[in-house]
Ligand code: PSU
Ligand code: MN
């Protein structure tokens, strides 16, 4: 006789675990905004990152939406984190997970912070439509030789989510990044701007294809984009508030030094973005950190307003 196997799990579906307030909000059709954890774990220095996590969630709540910070903890993909879980995300040593790493982290029961790509994938799987971050990953300078193109771009082309960001970091090849977004059929909207923002700077020097001036327009565009059958996400690019913009000369100097440092130290792959951000924070005496915090907070606020509009 075959021994009786009490429960054989055949389904391989892994769905993200929702926090109670995120689950309740989604069930009621209320506004939810996903927040990314790589910017906390690898983009901001500890312990400032922990306060930032709370500030971003508070900014979302202040504008009428429920925040859902996304990460993988003990192999469980989570959408909506408790204070203890945010402590873990902001502590030392968390892996940086892009989409390709999600199955590995789940299969091996690891912890990890999610990038824009991985956050978008998990948020969309949970039914969250709006997501706020700082800057998208993109095509790196010298990508013709290094082939360094962030998986964020492919993820956006295939994931139905609205990403509110301040453009892409000026450390990237902005023109090439915009081209790849076009190839991926990802609409790019400037929020109250005609210029694609450059993260630390309000203007990357490249125009945006379209401009919108209020959250209702974003909601109308999103509904039409999806209604017409597109599977792609949408980029809503908002420049950093003018008062928080990094000084232009300081920015250009740090960028040139930072790129030289990368080459000198042979930094590649997923370490490139965190290393450059850290170089900016150290080299600007904290000015770039203030800029970074201000822009992410403004994006969380705008994302909440868009999510509220979409929940109507
Ligand atoms: N925006 C920030 N800080 C960050 C990042 C974005 O303000 O740290 C992160 C995001 O998680 C983004 C990642 O997905 O950088 C891009 O990394 P890569 O270039 O290795 O794909
Ligand atoms: Mn890369």
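For all residues, glycine too, the Cβ spot is worked out from N, Cα and C.
Unlike curated records, TrEMBL annotations are generated automatically.
With 96, 150, 151, 152 listed by TrEMBL as binding substrate, the candidate from 76, 79, 116, 168 annotated for that site turns out to be 116. In sequence order, 135, 138, 198, 199, 200, 273, 276, 277 are the residues of the chain that are 6 or more apart from residue 169 (active site, nucleophile) and have a CB within less than 8 Å of its CB.
Max Cα-Cα distance over the annotated substrate binders (96, 116, 150, 151, 152) is 13 Å. Close to ligand 2, meaning a Cβ under 6 Å from one of its atoms, are these of the binding-site residues 116, 150, 151, 152: 150.
With a cut-off of under 6 Å between the Cβ and any atom of ligand 1, the recorded positions 96, 116, 148, 152, 169 reduce to 116, 152.
Taking residue 36 (active site, proton donor) as the reference point, the binding-site residues whose C-alpha atoms are within 10 Å of its C-alpha, out of 96, 116, 148, 150, 151, 152, are 116.
DSSP classifies residue 150 (substrate binding site) as coil under the three-state reduction. Cα separation, residue 148 (Mn(2+) binding site) to residue 116 (substrate binding site), rounded: 16 Å.
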